[in-house]
Amino acid sequence: MGLEKSFILFSLLVLVLGWVQPSLGRKPSVQDFKRQHMDPGSSPNSRPTYCNQMMKRRGMTKGSCKRVNTFLHESWAKVQAICSQRQMTRKTSSKKNCHKSSSPLHITECRLKGSSKYPKCDYTTTNSQKHIIIACEGNPLVPVHLDARV
């Protein structure tokens, strides 16, 4: 009887690990980058509800409120071309896969308001033009992470 219970528990453990493991060490992808940061069809505007709408629409308020996010109002070709700029070290690690834009880009920064709590995620919307630093991976190189706005 003890051996049978052990086998059942082991089988459940293998099943759960097989289900959870792929998301644990998941590398950032170009699809994630596009979903979280690209909004080429719109120009920066002063609508104060832009961030609230976009953060929800792009799935960044499911389960918790993402604290900060940046939307890029440029073409994918222009953003991808940044990957051909000079390499630099990533701000958040020692990886040297980052590249800085040669010119400022039109962006919208979304910041969670201090009093805001899940599930009512409320953001401030700030439009500006800034250089960005992105991490690029693959062959050809494509953006996978927005590292900084400078």
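Positions of Cβ are set from backbone N, Cα and C atoms, glycine also.
According to Swiss-Prot, the cysteine that forms a disulfide bond with CYS121, out of CYS65, CYS83, is CYS65.
The disulfide bond recorded by Swiss-Prot for CYS136 joins it to CYS83 [selected from CYS51, CYS83]. For CYS51, the partner cysteine in a disulfide bond according to Swiss-Prot, taken from CYS98, CYS110, is CYS110. Within the same chain, residues at least six positions away from LYS66 (substrate binding site) with a Cβ under 8 Å of its Cβ are MET55, MET60, LEU112, CYS121. Distance between Cα atoms for VAL68 (substrate binding site) and HIS37 (active site, proton acceptor): 11 Å, as a whole number.
The separation of HIS145 (active site, proton donor) from ARG67 (substrate binding site), Cα to Cα, is 16 Å. For HIS145 (active site, proton donor) paired with LYS91 (substrate binding site), the C-alpha to C-alpha distance reads 11 Å.
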